[in-house]
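Per Swiss-Prot, the features are as follows:
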- 89-105: disulfide bond (DISULFID)
- 93-107: disulfide bond (DISULFID)
- 98-112: disulfide bond (DISULFID)
- 1-22: signal peptide (SIGNAL)
């Protein structure tokens, strides 16, 4: 009986802890430089006001500035993108689409890449 209680307890812990843990690992991010590029591109045409959808998307992403994380993403993008492999937009698109589409980026393999034709 004691073993059964331990197994049930383990399943209860897993049921509540694992979904919260998974959401921390798959959060979208955006770099400070990308936010600045978006604001520079959008700002003058709209008198400094962003639309509600853009504000919601920006607040849903985690701003990063860690050079180690950026270097890891650059290394990872080299293996995915055989045509260039640079860190083009500094943004992920796991859950939220590329906000940097304003500056010519699109989503590929959960990372926003710059369209070379734009």
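Each residue, glycine too, has its Cβ placed from N, Cα and C.
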Around the C-beta of residue 89 (disulfide bond), how many further C-beta atoms are within 10 angstroms, looking at every protein chain?
27
Which has the fewest other CB atoms in a 10 Å radius around its CB: 93, 107, 112, the listed disulfide-bonded residues?
107
Taking just the CA atoms, what is the gap between residue 98 (disulfide bond) and residue 105 (disulfide bond) in Å?
7
Please report how many Å separate the Cα atom of residue 105 (disulfide bond) from that of residue 112 (disulfide bond), as a whole number.
6
Residue 107 (disulfide bond) in three-state DSSP notation:
strand
Can you tell me whether DSSP puts residue 112 (disulfide bond) in helix, strand or coil?
strand
